[in-house]
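Notes for the one structure printed next.
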Protein chains: 2
Amino acid sequence: MVSIKRLMGNLTEIGEIGKSEEGGITRMAFTEEFYTAQKKLKALAELKGYSTHVDRVGNLFITYNPGDCKKYIMMGSHLDTVKNGGLYDGALGVFSALEVLDSIREDKIELNHGIIVVVFNAEEGSEMGGTFGSKTICGRNNLEDSTFPEKIGTYGLTLDDVKSSQMDFKDIEAFLELHIEQGGILDSEKLDIGVVKGIVGIGRYDVILKGTANHGGSTPMKLRDDPMKKLPAVIEKLYEVAAKYPEPFVMTLGDIEVSPGMYNIIPQEVRLFIESRDLSEDNIEEFFGEIKKFLENSGFKYEMVKSIGNSSAYLNEDIMKDIIKGVEQEGYTYKVMSSGAGHDAEEISHLIPTGMIFVPSIGGVSHSPKEYTNEEQIEKGARVLFNTLLNLDKRL
Amino acid sequence: MVSIKRLMGNLTEIGEIGKSEEGGITRMAFTEEFYTAQKKLKALAELKGYSTHVDRVGNLFITYNPGDCKKYIMMGSHLDTVKNGGLYDGALGVFSALEVLDSIREDKIELNHGIIVVVFNAEEGSEMGGTFGSKTICGRNNLEDSTFPEKIGTYGLTLDDVKSSQMDFKDIEAFLELHIEQGGILDSEKLDIGVVKGIVGIGRYDVILKGTANHGGSTPMKLRDDPMKKLPAVIEKLYEVAAKYPEPFVMTLGDIEVSPGMYNIIPQEVRLFIESRDLSEDNIEEFFGEIKKFLENSGFKYEMVKSIGNSSAYLNEDIMKDIIKGVEQEGYTYKVMSSGAGHDAEEISHLIPTGMIFVPSIGGVSHSPKEYTNEEQIEKGARVLFNTLLNLDKRL
């Protein structure tokens, strides 16, 4: 039986390591705060009688396998945070998984699988991008990238550390991750649980509008070649085309840079930083394709440059059913939805059947000290994780 | 008789000090390059038999008064440049004035006034803003500004240096400045001379559109409070309202700053940096008033903050007639126009009758190595300056 008291006790005792006076938590990957929290968690797990292991890139594995089963189910999340982040992003998934383990042990539930709770390092951004810990155990880093050795060197890691941390997944039959939603859908629709069907892909393009820099005082309006004047049409087009796609499609114009960028100089260049996310990678490419076509026909002087493209991932439909069953066992409300943020589960989903459970983020806020999920919601999430694990264990 | 050969010889010999291999000239105020050029010019003037004086803020005065007249006419411009600027901005006015002096001396023309050629320091931006040299001789610095001593201290100057450089204008009856237009009006209309009727005032405001920063992946489009979406309406309004005012009114949206400014974060704030210039200060205020009214009625969350306001200056109408007469004596074409850029003449116009002569800037380019005015245009400008000085000398 899941104990919300024990879960919250562990979450606040270990999960608050890195907390500042203002309430934000800074426990970034590879820092002292991260390793302090990890060591404390490792010691706690050993005290409970679980076996532990830390790999060479800083991921912690806590294993419970009293029946000496040959096959495993893995669950977990990450323990690192962004700078001045919240208590729940990552840590909630870690301590919920630990709580499920404790409940199984306490209730002496016999399973057909050994259980591994994984505590990832470097899910948030580092020199190597996001989800580095999970990427590494999946062998999904791009080792051909000539800058990679230097990047991992920043954290004292070698290529050998990375290669030796790759895991063999042949005996691991499934992965489960509980995470805060980081969006406002569950909160605004007053729902308990999000059953994640997929993690969106990401496309990023820059549009650079070009003109001719000149003196803003002595150049009459009619003699200007001013790229700023073209900006409204481009922004309006972005929102207009974005509105055509149904959820979970999103488009963000997160930044604009003006060059040279002075009150009294007509700009030479205006650069727009555009991101789009969707479960459908086709939609992302189609969206940017339509923007490109608009620019081609606009008569504007411009450049359009692709910045990054990340693939989307669909999660396992059978595990989604296990989760929904686990929700219905408790009589909770739920919604099948996609994740707009990246997660460790996305990496692992490319290798083994993977499922993800969302709990509400109040106000949709995350990566902020204001990040919050209340105890009742956490308890519901942990119970669903518990039920899902048992459902999975029986089914597989 | 004005000698274009002598004028160009001096301009390229002294005016090119600070020239880089790429052709740009960097002879910023108070630097070694500035003082090297000034010393060389001072030595040249003394060689010709003129008397010279350098005040304590670095302005050079070259005086020719063979008739021992009690009253003076002053003419000149500045010798400092922006970083990587051109050959003509400032220097052309200095060497044209010197050429007029040389012509008068050579032709043994008897005048009713002594002539002072002034060579200003720090017309371009410094810690103290623009037109520091001319502001100082006019006693127009704000000495009450508590940060002023520190600012002038950057250049090794004291308050006493500034105060002692203030001039008594009671015996100086007029000021003339020849300058490149720095805009493209004369060039595009194929005219020889601009007769400047005034120097525009400047108004600067920031408009800050406000929203709520949130995750650009996990926040659905319909749950966003995105200030970027409101940007097109504001920019369109700026250009729409600006178009109502006749020349010389200009409006420049020179920069946009987005906060926090990342691909995957819906912006919290979008800040627009807006400048407007006109001879009519009322128009500037009316323009920003209309933008303010639009924002008030828009329902947008915003702030609107005044950054600076500089007054405009009308030049002396009788001197304008002297210039026009000087143009017509040669059969040149001209246009009565305003200056969109600030000049030393603006400072002096607040104390004594002041006139300004523009020559064309090819393509309207300035503050750039590409700044250019051809020899024929320079010769025409110098002749008009010569004629105007003689007209003024007779009339006053």
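Quick reminder: no glycine exception, Cβ is built from N, Cα and C everywhere.
TrEMBL labels come from automatic prediction, so no person has curated them.
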Checklist line | Co-listed Zn(2+) 2-binding residue [TrEMBL; alongside B:Asp89, B:His367] among B:Glu110, B:Glu124, B:Glu330 | finding: B:Glu124
Checklist line | Recorded Zn(2+) 1 site member, picked from B:His179, B:His215, B:His350, that accompanies B:His78, B:Asp89 in TrEMBL | finding: B:His179
Next item on the list: Would you mind pulling the longest C-alpha to C-alpha span across B:Arg204, B:Asn264, B:Arg277, which the record has binding allantoate, in angstrom?
Entry: 37
Notebook entry, point to check: How many helix, strand and coil residues does the domain 'Peptidase M20 dimerisation' (B:200-301) contain under DSSP?
Noted result: 37 helix, 34 strand, 31 coil
Check: Chain A sits near which of the binding-site residues B:Asp89, B:His179, B:Arg204, B:Asn264, B:His367, counting only a Cβ gap under 8 Å?
Finding: B:Arg204, B:Asn264, B:His367
Note to self: For a quick check of packing: other C-beta atoms within 10 Å of the C-beta of B:Arg204 (allantoate binding site), how many?
What the structure shows: 21
Next item on the list: Do me a favour and check the Cα-Cα span between B:Asn264 (allantoate binding site) and B:Asp89 (Zn(2+) 1 binding site); whole Å is fine.
Entry: 45
Margin query: Give me the CA-CA distance between B:Arg204 (allantoate binding site) and B:His367 (Zn(2+) 2 binding site), in Å, as a whole number.
Written below: 21
Item checked: Mapped DSSP class for B:His78 (Zn(2+) 1 binding site), helix or strand or coil -> strand
Next item on the list: Identify, among the binding-site residues B:His78, B:His179, B:Arg277, B:His367, the residue whose Cβ has the fewest other Cβ atoms within 10 Å in this structure.
Entry: B:His367
Next item on the list: Find the shortest Cα-Cα separation between B:His78 (Zn(2+) 1 binding site) and the binding-site residues B:Glu124, B:Arg277, B:His367, and name the residue that gives it.
Entry: B:Glu124
Margin query: By a 10 A CB contact count over all chains shown, which of the binding-site residues listed here is most packed: B:Asp89, B:Glu124?
Written below: B:Asp89
